[in-house]
Amino acid sequence: MMPTPVILLKEGTDSSQGIPQLVSNISACQVIAEAVRTTLGPRGMDKLIVDGRGKATISNDGATILKLLDVVHPAAKTLVDIAKSQDAEVGDGTTSVTLLAAEFLKQVKPYVEEGLHPQIIIRAFRTATQLAVNKIKEIAVTVKKEDKVEQRKLLEKCAMTALSSKLISQQKAFFAKMVVDAVMMLDDLLQLKMIGIKKVQGGALEESQLVAGVAFKKTFSYAGFEMQPKKYHNPMIALLNVELELKAEKDNAEIRVHTVEDYQAIVDAEWNILYDKLEKIHHSGAKVVLSKLPIGDVATQYFADRDMFCAGRVPEEDLKRTMMACGGSIQTSVNALSSDVLGRCQVFEETQIGGERYNFFTGCPKAKTCTIILRGGAEQFMEETERSLHDAIMIVRRAIKNDSVVAGGGAIEMELSKYLRDYSRTIPGKQQLLIGAYAKALEIIPRQLCDNAGFDATNILNKLRARHAQGGMWYGVDINTEDIADNFEAFVWEPAMVRINALTAASEAACLIVSVDETIKNPRSTVDASPAAGRGRGRGRLH
């Protein structure tokens with residue numbers, strides 16, 4: 001008699017296990033890699049992505065592209081996550097890390113199909129990654145921090161390598177210098193949020209400028225603003241979160257008055273409350289008043305009469321950066337405005353940049369800060385420029401903290417590939433095949449660089465293998481001559497951290513996907529499955 005089957009999972013649950021689902025997961029990761037494959041390197045193409053709301057984004061950055069893709073496959077999401085983590089940790093190498101993870105999986109796919117146990121693959125990969133990381137640390141070149149000129153040269157080269165694959169690669173020398181200047185202005189903590197990037201449409205890219213201090217766009221202002229001075233030396237700055245404006249009652253207030261005098265007394269009281277606040281600000285000695293909330297026309301004219309400058313509705317992040325740079329603290333009341341809570345800077349001025357007016361605070365005593373003002377044409381182009389600069393800034397920060405570099409352009413990957421191939425020949429058994437597969441997967445980076453530039457990849461890789469076998473460990477792809485070259489001599493440098501991070505993240509992701517032996521998808525509940533488009537605010541579900 002047949003035993004009764006035990007039904008454990010809900011009806012409609014999709015469960016797949018064994019080798020077929022593992023192969024399916026590997027194939028899904030290949031599809032993700034295909035999406036960013038062509039963006040790698042200085043001859044990489046850009047992607048134009050339009051989201052559900054019709055907003056267009058042009059980008060070459062692997063992490064940005066993967067964020068904008070609406071990936072639903074659970075295994076493929078892992079690759080999106082490692083690209084995001086690489087972006088957050090080191091800023092560059094996001095496309096490389098996705099390609100490496102997908103290529104590791106591609107190389108082990110035949111072994112998986114033949115039934116090799118996933119744990120053997122994982123063990124081999126962990127060994128290979130450890131060997132590769134140790135090799136990078138061993139051959140990386142360290143630049144002495146004491147020699148400031150040399151260190152600066154190193155940082156500029158690293159920034160130029162990061163920018164060479166971006167839309168602004170034509171101006172990479174100009175922006176590399178700007179990025180290094182910006183990071184050098186910061187204090188030892190190198191806080192990323194102390195570098196502000198503001199975009200002003202119009203003008204050429206070369207008109208972009210670096211301001212040693214805080215700069216933000218002039219806020220909306222009321223009549224009387226034009227009377228205020230636009231430049232101060234050594235002013236005191238009041239940072240407020242206070243509304244300086246006469247407004248209608250927020251709540252449904254009800255006041256019963258019997259005579260005109262009663263009504264007048266209420267009106268006078270409202271004015272007196274406002275004037276009382278303004279007087280306290282004036283007596284505090286502040287010359288520049290910034291508030292997160294609106295500053296109305298009465299207050300604007302009051303300050304103008306007393307040679308004071310004010311700006312209301314200042315964005316919170318700009319107010320916080322001003323506070324961190326100039327000192328002082330943001331006050332929610334004007335009753336305790338003493339010199340301790342006021343900020344200071346050497347010069348405050350308002351200047352015209354393109355069609356916009358900007359407020360500048362320079363010579364800030366508390367924290368070193370700076371602002372990059374970008375100029376350019378189309379909005380999408382400027383957004384991509386901002387993303388490119390973010391990557392370059394992250395790379396320069398990493399290079400300052402870890403001052404060892406390796407050659408880019410596929411050189412370090414070819415050297416690691418040769419090293420692991422030689423190592424694999426010294427060990428017996430299945431590990432030999434798997435470490436050999438890992439070594440072959442590393443060649444995807446130089447191969448893809450060649451493919452994206454339209455070169456004959458097989459020919460160039462053969463030349464590279466031969467040169468690395470003869471001991472030319474820094475030889476990589478030379479995009480300009482369609483040949484190979486010593487990329488260390490050509491100053492194609494990257495911080496060693498970028499490569500170490502990319503290898504470990506890609507290897508871990510590959511191991512994670514190989515170790516999954518069953519995928520169970522719960523059915524979507526019937527309520528969720530119904531079209532939710534009609535539900536907005538106040539239109540709940542029908543019960």
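Placement of Cβ uses the backbone N, Cα and C atoms for every residue, glycine included.
As written in Swiss-Prot, here are the features:
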type	residues	note
BINDING	GLY41, GLY93, SER96, ARG398, GLY409, ARG499	ATP binding site
BINDING	GLY41, GLY93, THR94, THR95, SER96, SER164, SER165, GLY409, GLU494, ARG499	ADP binding site
BINDING	ASP92	Mg(2+) binding site
CROSSLNK	LYS430	SUMO2 cross-link
MOD_RES	MET1	N-acetylmethionine
MOD_RES	LYS67	N6-acetyllysine
MOD_RES	LYS250	N6-acetyllysine
MOD_RES	LYS320	N6-acetyllysine
MOD_RES	ARG535	omega-N-methylarginine
REGION	524-543	region 'Disordered'
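All features noted in Swiss-Prot, drawn onto the structure.
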residue: ASP92; record: Mg(2+) binding site; Cβ contacts under 8 Å, 6 or more apart: GLN86, ALA162, ASP391, ALA392, MET394, ILE395, GLU494, VAL498
residue: GLY93; record: ATP binding site; Cβ contacts under 8 Å, 6 or more apart: GLN86, GLU494, VAL498, ARG499, ASN501, ALA502
residue: SER96; record: ATP binding site; Cβ contacts under 8 Å, 6 or more apart: LEU40, GLY62, ILE445, ALA502
residue: SER165; record: ADP binding site; Cβ contacts under 8 Å, 6 or more apart: THR39, LEU40, GLY41, PRO42, GLY44, ASN60
residue: LYS320; record: N6-acetyllysine; Cβ contacts under 8 Å, 6 or more apart: ILE330
residue: ARG398; record: ATP binding site; Cβ contacts under 8 Å, 6 or more apart: VAL90, GLY91, PRO495, MET497, VAL498
residue: GLY409; record: ATP binding site; Cβ contacts under 8 Å, 6 or more apart: GLY41, PRO446, LEU449, GLY476, VAL477, ASP478, ILE479, ASN487, ALA490, VAL492
residue: LYS430; record: SUMO2 cross-link; Cβ contacts under 8 Å, 6 or more apart: LEU116, ILE120, ALA124
LYS67 (N6-acetyllysine) to THR94 (ADP binding site) - Cα separation in whole Å: 11
Listed recorded positions (LYS67, ARG499), ranked by Cβ neighbours within 10 Å, top entry: ARG499
Which same-chain residues, if any, lie at least 6 apart from THR94 (ADP binding site) yet have Cβ under 8 Å of it: VAL36, ASP61, GLY62, ALA63, LEU66, ALA83, GLN86, ASP87
Surrounding CB atoms that lie within 10 Å of the CB of GLY41 (ATP binding site), all protein chains: 24
Around the Cβ of GLU494 (ADP binding site), the count of other Cβ atoms that are within 10 Å: 28
